[in-house]
């Protein structure tokens, strides 16, 4: 059976989007997700992407429901770049029109979004989670109210922090982000037992109080060019530790996100682009 799809990217973090509001794709993906999704996301034998987004009807009075799969078939709670790609898709298909706020249902809860006249997409990412029990992580809360601890990796002792934006994130500060053994550290830390559900891993280099560089190892995907929830988690931790202001530019391999956590309370806001790559038709 042929199905239409569109491929979108947010700072190089790319997704295959299927509108599943009027077909049985949700059931099909749920039943065959592992090999099926890995094949579609394979960059040599499939369409190629970091993940797949299904657009579904919402039962909670939201505009739509977003269901997202990582390239390994796992289902994350939320994805900041993915939700921007979803909004760009809806906007390109003239579904949003004059709406000032677009509520989206996700596995992590209700996410409020908006899009401006320049097609920059702003997302209310909700309040960060810093409780070790709720992230979840075995790291303990430090005096600055951030989960913190050390992890030994061969001859390295890494000082690590944790936060959640509906999904778990480990933050590791480094002096030279290009000088670390990224593949080795990322793959090891993703599966570390300090995080019972595995974790996204972010290596952070502080440029100044308003700018940071982040390199992403995404849970279920490996290296990606950007991670929206990760950028937010990094800003939460850097601002709590006094390393940045409450708003900063987060420079990822795929580009820049603007992240703000006003007064270090309430929701975190993220703003950045999302663009269509191409559309097509595939037998499923």
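Glycine residues also receive a Cβ, built from the backbone N, Cα and C atoms like all the rest.
When 23, 24, 70, 91 are compared with the substrate site residues 13, 80, 81, 167, 200, 218, 219, 228, 229 in Swiss-Prot, the one appearing in that site is 70. The Cβ of 167 has fewer other Cβ atoms within 10 Å than any other of the binding-site residues 13, 167. Pairwise Cα distances among 13, 70, 80, 81, 167, 200, 218, 219, 228, 229, the recorded substrate-binding residues, top out at 17 Å. Taking the Cβ of residue 227 (active site, proton acceptor) as reference, residues of its chain lying under 8 Å away and at least six apart in sequence are, in sequence order, 13, 79, 80, 81, 200, 202, 214, 216, 218, 252. The 10 Å shell around the Cβ of residue 218 (substrate binding site) contains 29 further Cβ atoms across the protein chains shown.
Within 10 Å of the Cβ of residue 80 (substrate binding site) there are 30 other Cβ atoms, across all protein chains.
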